[in-house]
Each structure stands twice: as C-alpha cells, then as structure tokens.
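Engineer: The structure follows.
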Amino acid sequence: MELSSVILTTGSSIVFFRLVNTAVGKLPMPESACRNAWRWRNISTSFVHSFITAIWAVLCFFLHPKMAEDLIETHSVFSHALVSFSIGYFIYDFLDMVGHQKLTQSWELLFHHIVVITCFGVSVLSCRYIGFAVVALLVEINSVFLHLRQMLRLAGNAVGTLYRVNSILNLGTYVVFRINTLAWMTRWLVLNRDNVPLLAYTLGSVGMAIMTTMNIVLFCRLLRSDFLKSSARETKKEKEI
C-alpha cells in the first residue's frame, strides 16, 4: 500500500468508529448504563473494533499462510490494510478518551494507545513487520470477551449464567491470546535479534515489556474480581447456612 492508501484507510477508520459511536448513542441503552452514557458508547465501539479485527487477523493468516513463516517482509495488502485500520481506531479512541476523561482516569490506556500507534505506524510506513503486527492483533480475540464483560457490568448483569460463561471465556482467551501471544512475540524478537535493526528492536522490546506488564496486572484484577471474590462470597454464604 502506498502512503496515500495508508492515510485514506486510517482516516476512513477514524470516521467509521466515530459513526459507530454516534449510532450506539441513538440505540436504546440499559437503564443502569445511562449513568455513564459515554463509557457505554466507548466500550460498545471498542467491542465493534475487536469483533472486526479478531476475524480480520485470523483471515490474514488463513488467506496468506506464508506470512506466518516471515513476519518481517512477507505480507498482503489485506493484512497491511488491517494494521492501518487499527491505527485509525486507536487514534479515534485516544481522542475520545482525551475529550471525555481526566488524565488520572485514563493515563494507562492513553499510554498503551501511544505505544500501539507508534509501533503500528512504523510498520505500515516501512512495510515491514506487518506479520508481527497482525500477530499482535490476535489479542483482539480476547478483547471481544473483555469488552462484553464491561458492557454486562454496565448493564447491571454482573451475575448469572451469561456473565459467568463470558468470564470463563474471557480468562481462557486472555491466557491464550494475550499472555501467551505476547510471550511468543517477545521470544520471536529475541531469536530474530540479528535480523531486526537496533531502533526497531528497541521499540519492539520496550513495547512488549510495557504490554506484558499491563496485561499481567489486568489479568490479576480480572481473576480477583470475577473468581476470587465470588468464591469468597459463596464460602461466606455456606458458613452462614
């Protein structure tokens, strides 16, 4: 893809997610979510991005399997467009959070978005490491369940079978598509040290270290919130009986 195509794809993505956000705002909203309408719209928009990107990333490797053998040079227009599309989403979401949240409430996610935009931006502009970026986007498979969890909690449905099943799928896909994927990417980066320029290696290493730390912290929070606390409550009820 040429620079003009990258700009067009990224710009179109920003507009697309702005329209999605607006459309979500016009749809009926759960009564409990009305207390924080912006957050409901933001998470719903993120859910749409995750759903599209998860399918798109899997299709990239399915339609162009050779990319899995060479994550540096080999890629397709389809995979290049995916990374450009995701840059647009992260730019949109960054601006959305800056405009509606205090820095103290969102600095972690804002920092995450800056790292992703920088790394993906270098990839699409240099037309290298596209495969590596697509592997990184496989984490969006987990994000589908992660965002659904947030939506259920905002809707006041943090109990019941649906929430419990989603929690299990969320934690399972978190281990497979976030923690394991990031560990594999870090290992790949170390093994291919001689094939990666110093600047790209440094940028990738720092990015992986930050993402890994953030994901481990979030995993502990999810485990404590959805499983450890609920187990403690059940034990307490049993003792009372």
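A Cβ is built for glycine as well, from the same backbone N, Cα and C atoms used for every other residue.
TrEMBL entries are annotated by machine, without manual review.
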Engineer: Of the ranges 16-34, 168-186, which one does TrEMBL list as transmembrane segment?
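Structural biologist: That would be 168-186, per the transmembrane segment entry in TrEMBL.
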Engineer: Who are the long-range neighbours of the transmembrane segment (168-186) in its own chain, taking Cβ under 8 Å and residues 6 or more past its ends?
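Structural biologist: Counting only partners 6 or more residues beyond its ends, the transmembrane segment (168-186) has Cβ contacts under 8 Å with 132, 135-136, 138-139, 141-142, 144-146, 148-149, 205, 208, 211-212, 215-216, 219, 222-223, 226-227.
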